[in-house]
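Enquirer: Taken from TrEMBL, the feature domain 'DM13' applies to 37-143. The domain 'DOMON' annotation in TrEMBL covers 166-312, 507-629. Residues or ranges marked as domain 'Cytochrome b561' by TrEMBL: 636-833. Taken from TrEMBL, the feature signal peptide covers 1-24. Per TrEMBL, the feature transmembrane segment maps to 669-694, 706-726, 738-757, 778-798, 810-831.
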Amino acid sequence: MYNSKSSLLLLLFLINSFIFFCNADSGTKCSNTSSLIGFESNFTMVQHQLRGHFKILDDCSFQVSRFDMLSGSSDVVFWGAVAVDFSNITRGFPISDHRLNQTTYKNASFSIQLLPNVTWDQIKVLSVWDVTTLSDFGHLTLPTNGSDLYPSRVHTMFDNCKNLSGNYRVRWSLNVEDNWIEIGLEAATKTMNYMAFGWANPNGTKELMLGADIAVAAFTEEGRPFVDDFYITSYSECMLHGKDGSAVGVCPDVVYENTTNGMTLNNTKLVYGHRRDGVSFIRFRKPLNSSDDKYDLPVNPTEEMTVIWALGLMKPPDTIRPYYLPQNHGGPMMVAYGHLRLNASKNVDDCFGPLDADDKQDQDLIIASAKVPLVVTTGEALHYPNPPNPSKVLYINKKEAPVLRVERGVPVKFSVQTGHNVALYITSDYLGGNATLRNATETIYSGGPEAEGVMASPYELVWAPDRNTPDQVFYQSLYQPKMGWRVEVVDGGLSDMYNNSVFLDDQQVTFFWTISKDSISIAARGEKKSGYLAIAFGGEMVNSYAYVGWIDNAGKGRLNTYWIDGKDASNVHLTNENLTHVRCKSENGIITFEFTRPFNPSCSSHDKKKECKNILDPTTPLRVVWAMGAKWSEHLSERNMHSVTSQRPVRVMLMRGSSEAEQDLRPVLAVHGFMMFLAWGILLPGGILAARYLKHVKGDGWYQIHVYLQYSGLAIILLAVLFAVAELHGFFVSSLHVKFGIAAIFCACVQPVNAYLRPKKPDHGVEASSNRLIWEYFHVNVGRGAIVVGIAALFTGMKHLGERYKGENVHGLSWALIIWFLIGALIVIYLEYRERQRRRDWFLGRGNWVLGNVEEDDSVDLLNPHHASARTGSQNSGLMEVQLEPLSR
């Protein structure tokens, strides 16, 4: 019984083993019928620094070697599609159950099995695909038939690769027969930085750069790659001598010959270039032995030669130098520059894995403001950050698919001008395009079918992210996926914590503040990337108290206070203000700092430190300026001073929570004020006093004084007006000062016309006509009224100076003006008293007889030569009439 059971169990075990091995054999067995077997190609890089070699092994498997890729999501697979365009590749299918897990691949090799229902005939494009984000990391195209087994060249693959530094590599392929070498420069560096590589002069000594033949590769402001052939004659930026126009320094070859035919000297030929994931890559070809034996060095591919390299900032062309010129690389050796011995024919591959940039985001960053609407349009996809993508994508403020940063609690206003077939919405889904149909968990935060419009009638969409809004959402089109991009939602700390905020000059810095009983809390945030941010209290950086925030080499935020008394680095003096709640941080290069300080520094009465004078009065406008630069350190030099600064201070009204741009008192306006004081405060009143109180003096001297002073005052007035109009670039009547000034000038200009039209003076003893009496009344009162209005214009001008231009000593000048006119009023009172006394004496019959002609002849026009000569002739005739008569008015 036992033996029969054992035999039965043994039989069943053998049957199961046979079935298992049969199935195993059938699963591993693969035919070799496809015409594509043996096909090899390289992956075209799209994202994540993907490189690799591909080979079809048989009908159901392929091999990947030399595979590099930065980590993606947990759902990255090999993907098949019929074409590489957006609509076809997004409708593709996985071809294997192999997952490229969340790790960085470094020169990896592995074999992949196709899924049982997938054949090579179904696959026209093979991609490394992120299913979660619908992202193409890299792909290759399979031939359509067996005879077309020669793949197109992939520009990112080379025969050799050498690490120059931790973030800079050189790749190359050599073709001695055709006399060329193709070089690929690859660096994890900033967009506007250059990559330089070339051969040192073999006859040189220690000065390797002098006489070197290098290629400098970079990208233009529009993102186009370029490469130029350079020759080094000096350790300096390329300069032209004025006398003979010769060039010296690090200059393009074409500059030395001063020729317009640049192609004859620029022997480097651009092949390809791109910028991906914060890494610049440019491929170019140059001859081993060039026809230009003056500025190009021959390259012996079989010998070790010294090569030099550098990374640094590229200076864009200007009107003086129409070339892109590399700046001093700076930095330590073997990080920013270096040299090594290289044999170009020797196979080298020490580049292990892809370059991984710290900042992979090259897209523009737009920071939303509650006051300025974001204009949303559509346009051509040129540098969309998450390929593949449709041909048309969303633009915000004319920037292609930028990263949008918003603050919780701050409403964001969109002016939607995308057309009637594109509706904007804010979604939690990475792709958008009415994602609820495939993603039941999608959350729509704002927008929808109604959020569409055109330029003539835009739709205004207002979205207010709150504390429950995730840190990352997306702006997308409701109808088509992958048209928009990311929205960074940050804590609205600055807006929530501070009661007031204003933009400083040029809207490059936002200034926040909250006033407490004895202190003020202040925050400043830059609106673009910088190495440090500084604000200062004062009319300019000189003679101001500055607050500088930056990130040190350890990544820690720092904030220091300074007193600045000059324009050199030596004039920046560290102070020790009593700051509390100090914070400084950098987000994607945007510096933000905060602090709290007392209105009155905690200093003793005998303390003479500079910071003790930094007193803030919340009732007085605070003048604020700002500056930014690339780098700040404890030990300042000219190289780390600011690179961009405000053009003028902004007057911040702390109590009112508002601001206005301040215009400095210009010297021409100061001249304008002095000229007006000379006219309305001295000349014109002097002319009136002469006509009023000097008529009893013998002769017509009063008349000459009156006419000359009035015409001189009027000329100075008109000249002063021209100065002000020219300085202010226009004539504006918004202020009370200008209105008074116009009225005074009008009255002053009426007087000469009135004098020209005066009726004839009656003969002695004849009663004056009514026209003469009306004229005299009008002339006298218009003149006196002009003086009153002119004086009012002077005082309103001083008031305008103090309120708008923050002129120094305005208070003292105003009092000086008041005292001047008080003295003038006392003089007038005294003269009027003497005049009335004289008249009374005459009526009482005292000795009021004088020898001379007391009848004023005001008909004489002193500006007319004819009358002047006639009067002179009468005086020289030798005839004199002596008449005794009482003085009468």
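Our numbering is plain: 1 for the first residue shown, then up by one each step along the chain.
Cβ coordinates come from backbone N, Cα and C, glycine included.
Note that the structure is predicted; figures quoted are calculated from it, not measured.
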Enquirer: Could you give the number of helix, strand and coil residues in the domain 'DOMON' (507-629) as assigned by DSSP?
Expert: 8 helix, 66 strand, 49 coil
Enquirer: Among 669-694, 706-726, 810-831, which stretch has the most Cβ pairs under 8 Å to the transmembrane segment (778-798)?
Expert: 669-694
Enquirer: Over the domain 'Cytochrome b561' (636-833), what is the model's mean pLDDT?
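Expert: A mean pLDDT of 80 is what the predicted model shows over the domain 'Cytochrome b561' (636-833).
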Enquirer: When each of 669-694, 706-726, 738-757 is checked against the transmembrane segment (810-831) for Cβ pairs under 8 Å, which one has the most?
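Expert: Top-ranked stretch among 669-694, 706-726, 738-757: 669-694.
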Enquirer: As a quick check of your reading of DSSP, tell me how many residues in the domain 'DOMON' (166-312) are helical, how many are strand and how many are coil.
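Expert: Per-class counts: 8 helix, 72 strand, 67 coil.
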Enquirer: Going by DSSP, how much of the domain 'DM13' (37-143) is helix, how much is strand and how much is coil, in residues?
Expert: 7 helix, 57 strand, 43 coil
